[in-house]
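Take a look at the structure below.
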Amino acid sequence: MKKKNIYSIRKLGVGIASVTLGTLLISGGVTPAANAAQHDEAQQNAFYQVLNMPNLNADQRNGFIQSLKDDPSQSANVLGEAQKLNDSQAPKADAQQNKFNKDQQSAFYEILNMPNLNEEQRNGFIQSLKDDPSQSTNVLGEAKKLNESQAPKADNNFNKEQQNAFYEILNMPNLNEEQRNGFIQSLKDDPSQSANLLAEAKKLNESQAPKADNKFNKEQQNAFYEILHLPNLNEEQRNGFIQSLKDDPSQSANLLAEAKKLNDAQAPKADNKFNKEQQNAFYEILHLPNLTEEQRNGFIQSLKDDPSVSKEILAEAKKLNDAQAPKEEDNNKPGKEDGNKPGKEDGNKPGKEDNKKPGKEDGNKPGKEDNKKPGKEDGNKPGKEDGNKPGKEDGNKPGKEDGNKPGKEDGNGVHVVKPGDTVNDIAKANGTTADKIAADNKLADKNMIKPGQELVVDKKQPANHADANKAQALPETGEENPFIGTTVFGGLSLALGAALLAGRRREL
């Protein structure tokens, strides 16, 4: 019964289909049933692809197939959605099969071959490339930078300037290990600063160099040598100048000049370099026997203070030396200074040898000098000089010089200071006091007087002073009158002359 029903239905279906087909042929159209029966190629293709998408689950696959059945006209859209969902659900391991673009592939290859990245760093960069291929260039740049920063120190590739700096710093002898390593690390961190780092390293190396190893330029070396040999600098001064030379060699000339100036200022007085005229005066004054130490030192100090007046100072010193010379050293008897008294050696004393007979001089009789009586000189009585009384000089009282007696007034209450005079000497010679003279002349310091200065003196010389000078005019032999001695010598000379004359007559 059941089979009959099925058969009847089939027959009915065939009949209906036949009628429909006939109708379509007559009317020239296609019925919806015929359209649904004939799936186009797009639907079939979509149906096939959806069935083979590995990443869709059963529900997703059945849903897409049902949609294809429900509306075959949407086959292309349904297939696109199915592919998108399938790709999004693809396993990670399968993502390596993605076709990377050219930049991504290059970055991927370079990162895999970077030797200084560890596995974690390398995998991180590769994952970044997979996640966003559009950032391949940036990811590769970061990977390179990290790879270079982690490169072993010995493997760093320095450019030419960096290599030169690296080599020089390694061979700087005055840097310690910490300083050397610091400069090398700075070179690695920023090679572009190689020149600046090398300059700093050189400066530090030179500043720490041992003193004997410093390389001075020619001017600096000369200054260094001269300062070391300046004898009047102490150690502190010498070391100070040498340190200044090291700190700033450009100032070598100025520093040497300062050092020389200080050396000269500290030179011992005896070592001063006087010019020729000054040296001569210095030598002569040192050997003037009649100067006191105070006078000698005063003249020497004057020479040092003003070498240009060396001649004048020497003349004053000689004059003072002569004035203070002992009487016996003036070739005069005590109290005289003209070499005219008998007993002198000026070709006037009887018995002298001037290619003349004994006792005679210049055709004069024995005992006479220049047609004058024995004991006289130039028409003066014995003991006189130039028409002056015995012991006088140039019309002055005994013991005077140049018309002024040392320590005595000029007869008008004024004393002219001579070289070597002191206020005390002047006061003593004039019977007054130094304080009185200082007060009368308003002297700020009674020890400060100079040759040629005029001083007012109130008191005259004591009367007994002239008598003492007269006594000094006598010869040191104790004779009261030189005329007797002269007469004796004259008589002997006459006798000797007569004997010689008689002998010559006999020969004739």
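Glycine too: its Cβ is placed from the backbone N, Cα and C atoms.
Of all ranges given (81-101, 123-143, 228-248, 459-479), Swiss-Prot attaches the label region 'Disordered' to 459-479.
Between the listed ranges 7-18, 19-30, 43-54, 163-174, Swiss-Prot ties the annotation motif 'YSIRK-G/S signaling motif' to 7-18. Per DSSP, the secondary structure of the repeat 'Immunoglobulin-binding region D' (93-153) breaks down as 47 helix, 0 strand, 14 coil.
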